[in-house]
Amino acid sequence: MVNTETYTERASKHPSKVAQRLFQLMESKKTNLCASIDVPTTKEFLSLIDKLGPFICLVKTHIDIISDFSYEGTILPLIELSKKHNFMIFEDRKFADIGNTVKLQYTSGVYKISSWSDITNAHGVTGKGGVEGLKKGADETTNEPRGLLMLAELSSKGSLAYGEYTNKTIEIAKSDKEFVIGFIAQRDMGGHDQGFDWIIMTPGVGLDDKGDALGQQYRTVDEVISTGTDVIIVGRGLFGKGRDPEVEGKRYREAGWNAYLKKNGQLE
């Protein structure tokens, strides 16, 4: 059953400080749009985020794509933009290893993800040890609240993340009610009857395109929100060839917000 409560109502009783902040931010900015910024240079990365910042609740990064990455030159300006435009940061790292390894990948190395990313995500293939390792890493390296999304379903054609895999991933998510805040999925993942309020973030959302040559499949904003999505993740639809990021940012924000209002019965 799809959750029809408002973001404010959900924020008021959610056990996670990350989820509380995200819901409050979404309500205050009237947006459920996450911008996925996959570009190879820091200059383009920061420029796009600055343009899209007013329209988004979250920016999703693949930080290892950036060829000229440096903590001082890439991450510190990103943090400043997040303060300027009031959005949160989600590093789409898709951790998939044993607990100690993911802890080190999360906290150490070049990227030091736990120090700057509010939210990250993980596959369920290694069981709940991965969740425990990431939680321990967050606790040891930052006083800021951190949240984890589990990858329950993917938007790519031929994905193996469905059926029993999805069900097992949901069980892993139940192991930590505060740290695991939700899923990357295509629909509501349930859990309401057991007291879970998982945030559903959905990639592969498009107002114009149906797919690409590399197996991506797109669904409409209204379609995904009506089946339980809380946050729509949009990438090339915002800044692809011939698109104006500010025009598209406003367009997707309005589409996502109106779909949310319809779901909650606030808009006919």
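Count begins at 1; order follows the chain as displayed.
For all residues, glycine too, the Cβ spot is worked out from N, Cα and C.
The number of other CB atoms found within 10 A of the CB of Lys94 (active site, proton donor), across every protein chain shown, is 14. Annotated active site, proton donor per Swiss-Prot: Lys94, in sequence order, evidence recorded as sequence analysis.
According to Swiss-Prot, the substrate binding site annotation covers Asp38, 60-62, 92-101, Tyr218, Arg236, on the basis of similarity to another entry.
Counted over every protein chain shown, other Cβ atoms within 10 Å are most numerous around Asp92 among the binding-site residues Asp38, Asp92.
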